[in-house]
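Asker: Straight out of Swiss-Prot:
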- 242: active site, proton donor (ACT_SITE)
- 49, 50, 51, 93, 201, 252, 253: substrate binding site (BINDING)
- 162: site 'Transition state stabilizer' (SITE)
């Protein structure tokens, strides 16, 4: 288990190659990260995005940091340098909890083995752990798909928001993994995909993934979601998550809250598909989740086309929080969690 290659990422043993999601679907470009700062920049600049994918990417960034400082002879100095690596990576995206989960897991492996292992052995152990995180993610997503597809009926049409597919994970996907599993199980499933302004992950990534998979997909603008629900075209909504609080409040891509409100109004089940690593058991509710605000030019421009002049005020939160009362169920690899979330989430930890 020395390498991994998926649609999202490839670990070569000395570098991490990421598909550059900023250019999809028009161009398939790749970024090769040769050190941990390359990885940090790729996460920050959204070369890679999606909480599980960010977590795995950060783990490999930690390994690249270990390789970079493996020339040191002092293990304490080596550990201190990796603390700097961890801090650099952790500052990239504040909302996606998988980032911190993966870095803490890597740091624990380092600390557990530091007293008894030499530096070269530590590097090997860290690389094995990062690969384990990546391979585990794929299996977890497949189990999420298996658990979630039972909620879909043959002939259902699902609305999605943003991208929680293979591109948002190491492979297979969470929300799209549920759809993928249902199709693999012989169900006829169609999808309506919100374009997801301002970064257009739904239009650029979700539609690209689903079309490549042969799943019938219709693209709509975000402000069409309520109308297609009212027309009776939607049987279920499935989204991913970047962080889930202990009470079941869900932070996900901006616009998710609006979709959840609309789903509630129209009596449509609203499902969240996410691994247990996305649940932040230390955060009591959504009020404690930090919401990243991104560069205003993501709204001022649509790709390279200017939409408004520089004197226009812009507000660009990357995420919103959907309160637990709007969430029908949370689909995890262990089980489908239903209300009361305050009780049922804690039981899993």
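Positions of Cβ are set from backbone N, Cα and C atoms, glycine also.
Since we're looking at a predicted model, the values are computed, not measured.
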Asker: Translate the DSSP assignment of residue 51 (substrate binding site) into the three-state scheme.
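Answerer: The three-state answer is helix.
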Asker: Around residue 49 (substrate binding site), which residues of its chain at least 6 apart sit with Cβ under 8 Å of its Cβ?
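Answerer: Expected: 21, 163, 168, 201.
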Asker: Near residue 242 (active site, proton donor), which residues of its chain come within a Cβ-Cβ distance under 8 Å, counting only those 6 or more away in sequence?
Answerer: 51, 95, 96, 97, 98, 251, 252, 253, 278, 319
Asker: Validating a neighbour-count step here. Other CB atoms within 10 A of the CB of residue 252 (substrate binding site): how many?
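Answerer: A 10 Å sphere around the Cβ of residue 252 (substrate binding site) contains 28 other Cβ atoms.
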Asker: Need one number for the substrate-binding residues 49, 50, 51, 93, 201, 252, 253: the maximum pairwise CA distance in Å, whole number please.
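Answerer: So the maximum pairwise Cα distance among the substrate binders is 17 Å.
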Asker: Ten-angstrom check, please: count other Cβ atoms within 10 Å of the Cβ of residue 51 (substrate binding site), all chains counted.
Answerer: 29
Asker: Give the sequence-ordered list of residues that share a chain with residue 162 (site 'Transition state stabilizer'), lie 6 or more positions from it, and have CB atoms under 8 Å from its CB.
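Answerer: Set apart from residue 162 (site 'Transition state stabilizer') by at least 6 residues yet with Cβ under 8 Å, we have 168, 194, 196, 201, 202, 206, 239, 240, 252, 253, 255, 256.
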Asker: Taking only same-chain residues 6+ apart in sequence, whose CB is under 8 Å from that of residue 93 (substrate binding site), what do you get?
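Answerer: The answer is 43, 44, 54, 99, 292.
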Asker: Please report the number of other Cβ atoms within 10 Å of the Cβ of residue 50 (substrate binding site).
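Answerer: 30, counting other Cβ atoms within 10 Å of residue 50 (substrate binding site).
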Asker: Taking the centroid of the Cβ atoms of 49, 50, 51, 93, 201, 252, 253 as the substrate site, which other residues of that chain lie with their Cβ within 8 Å of it, listed in sequence order?
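Answerer: In sequence order, the nearby non-listed residues are 54, 96, 162, 163, 164, 168, 240, 242, 318, 319.
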Asker: Three states by DSSP: which one describes residue 253 (substrate binding site)?
Answerer: strand
Asker: So if I draw a 10 Å sphere around the Cβ of residue 201 (substrate binding site), how many other Cβ atoms end up inside it?
Answerer: 27
Asker: Hey, does DSSP put residue 201 (substrate binding site) in a helix, a strand, or just coil?
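Answerer: Looking at the DSSP assignment, residue 201 (substrate binding site) belongs to a helix.
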